[in-house]
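Colleague: My questions all concern the structure below.
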Amino acid sequence: MANSSIFYKDNESDYESSTVGPDSSRRTSWLSSSFTASPSCSSISHLSNHGLNSYNQSKPHKANQVAWEAMARLRRCCGRAVGLEHFRLLKRLGSGDIGSVYLCQIRGSPETAFYAMKVVDKEAVAVKKKLGRAEMEKKILGMLDHPFCPTLYAAFEASHYSFLVMEYCPGGDLYAVRLRQPSKRFTISSTRFYAAETLVALEYLHMMGIVYRDLKPENVLIREDGHVMLSDFDLSFKCDVVPQFLSDNDRDRGHQEDDDDISIRRKCSTPSCTTTPLNPVISCFSPTSSRRRKKNVVTTTIHENAAGTSDSVKSNDVSRTFSRSPSSCSRVSNGLRDISGGCPSIFAEPINARSKSFVGTHEYLAPEVISGQGHGSAVDWWTYGIFLYEMIFGRTPFKGDNNEKTLVNILKAPLTFPKVIVNSPKEYEDMVNAQDLIIKLLVKNPKKRLGSLKGSIEIKRHEFFEGVNWALIRSIKPPWVPKEETSHKTKGDNRSVNYYLPPRFMMSRKERNEPYHVSNYFDYF
C-alpha cells in the first residue's frame, strides 16, 4: 500500500534555484597508476577498425557543434590518429567505479571547445574483473547518436590506459542541481521536464537494444543549453530488438496479455552479446487535434493493491476523479499537444533480454536484481520510478540504515510518500499524478510494472506527462540554462566563453600551443 499525504498551504516558497556547481557526487574516489608513453602520434594512439568506423561516422545530431568541428579538423591534421598528445588536461571532473573523468581541450585549436576525457586503467579494472564493462561502454558509446545521449569523439590507448573523449556537460549532474534547491528537491514542473527528456533517452536506448541499468541523478548531466545527457554506460548490456507498430486496438490490451501473446520477440544469448545495432526511427506522428474533456478534481488517496496495480479510494486527504475522452488521439494543454494518447506508434522493448548480474546502486536496485532470478529491460522502469521519487521528494523511498537494510526494504517494505504541501489545485493534481506514476513504476513484480510490455509508450500516456509535446521536446526551455548564466557572468568580457567554466581553467593562446609533455604520473591533479 502506498500512503500519501498532500496538504494545501498559501505562499509556499518555490523549490527552484539557478545556482549550481559543475560537480557533486556520492561516489568513491578512484586512483590511477603511473604510466610511461612515447609522445609520438603513431605510438601513443591505437584505434581498431571498429573504432574508426564507429567514432568517425557522421552523427547528424552533432554535425554543427563546435566540438565536433574541432575534432574533425584535428583528425584531418594528424591523419585520423588522435592521441593523448593532442589534448591538454585542465582538471579532474569526477571518478567512478572503473575510471576517472577529466576536463580537456585540444592543443592549438582556435576554438574554445571543451571535452570530457574518461581514463580507464585496464590493469586495475582487469584485477577487479571489470574490463568487460569498460569494453562494453566503449562499444555502446560508439553506437549512440541522440540529443540526450553522449557523443564519443575519439577513443585511443596509451600504455595500459584506455581513453574515451566525450561531450562535456558544464551544468554538472542532477544530483548536484537538486542539492542546490532551497528544499533539496525539484518542483513538479522541473521534474516533469527532466523526467520527460530522460524517458526519451531511455526509449532510444531500448530501441537500440540497450538496457541501461544505472539510471540515477548522478548519471543525468546538464548540457550548456540546459537539456540532459545520460552518462556512464559501463553497467549496460545489449541484445537484439525488433521495433513493432502499435495500433489503436493494441493499446487497450495493457498488462492483461500473457507472455505467449506478446507480439515482440527478442533474443540475447548473454548479457553482453554483440549484435548489429538497430538504427531506430522514433515516431513523431502529428495527428489531428482534439479537445480533452475537463477534469473534475475531488479528494482521494492512492493505494496500491496486492496485485501491483493502483486504485483510487475516497478520503478526506487526497483524491481525484477523471472524465476521459475515449477516442481522442491527442490532448491539448496550455498550447502543448500530447501526441501519445491513442495514436499508432512504433515501440521496441527488449523484454526477453535477461541478465543475472548484480549491478547498480543499492538504493536503485530493482527487486528482481536483488533476488538474482534474472532481469531484463523492466529494471530501467524501476530505476526510473526511484529517479522520479528522489527528484520530487529529495530522497529515495527504500533507503535503510545500511546497504543490507536497504535491500531488505526494496524486497519487502511497502511504498510510502512523505507529507507534501502544495499551493494550488493545479499543484495538487500534479502531485497526485506524480505519485500515481511512481506507484505504477515501483511495482515489485516486473511483469506488472508499467513499461514492462510496451516500454516508454505506456509511460508517456500517463496523466503526469499530459501536455508534453514529445516531438518538440527539445524546443522547450529548460528550468536552468548554464549557457545563460555564463553570458550574464561574463558580460562586458571580450572573450568568447562557450561553457560554464571558472576563468582559471580557460587556456590562453600560449598554453594551447605549449609542447606536449608526458607526466610520470597521469593522475597529477
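Glycine is no exception: its Cβ is also placed from the backbone N, Cα and C atoms.
Marked as region 'Disordered' by Swiss-Prot: 1-27. Sequence annotations record features per position, and here Swiss-Prot assigns domain 'Protein kinase' to 87-465 based on sequence analysis. The ATP binding site annotation in Swiss-Prot covers L93, G94, S95, G96, D97, I98, G99, S100, V101, K118. Positions annotated as active site, proton acceptor by Swiss-Prot, on the basis of sequence analysis: D214. Among the features that Swiss-Prot reports, domain 'AGC-kinase C-terminal' is placed at 466-525, with the record citing sequence analysis.
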Colleague: Determine, to the nearest whole angstrom, how far the Cα atom of V101 (ATP binding site) is from the Cα atom of D214 (active site, proton acceptor).
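Modeller: Checking the Cα atoms of V101 (ATP binding site) and D214 (active site, proton acceptor) gives a distance of 17 Å.
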Colleague: Can you grab the distance from L93 (ATP binding site) over to the residue listed as 'active site, proton acceptor'? Cα atoms, rounded to a whole Å.
Modeller: 19
Colleague: Distance between D97 (ATP binding site) and the residue listed as 'active site, proton acceptor' at the Cα atoms, whole Å?
Modeller: 12
Colleague: Report, in whole Å, the straight Cα-to-Cα distance of D214 (active site, proton acceptor) from G99 (ATP binding site).
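Modeller: A Cα-Cα distance of 16 Å.
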Colleague: In DSSP terms, helix, strand or coil for V101 (ATP binding site)?
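Modeller: In three-state terms, V101 (ATP binding site) counts as strand.
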Colleague: Quiz question: given the recorded positions D97, D214, which has the greatest number of C-beta atoms lying within 10 angstroms of its own C-beta?
Modeller: D214
Colleague: Restricting attention to the domain 'AGC-kinase C-terminal' (466-525), give the mean pLDDT.
Modeller: 60
Colleague: Round to the nearest Å and give the CA-to-CA distance linking S95 (ATP binding site) with the residue listed as 'active site, proton acceptor'.
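Modeller: The residue listed as 'active site, proton acceptor' has its Cα 15 Å from the Cα of S95 (ATP binding site).
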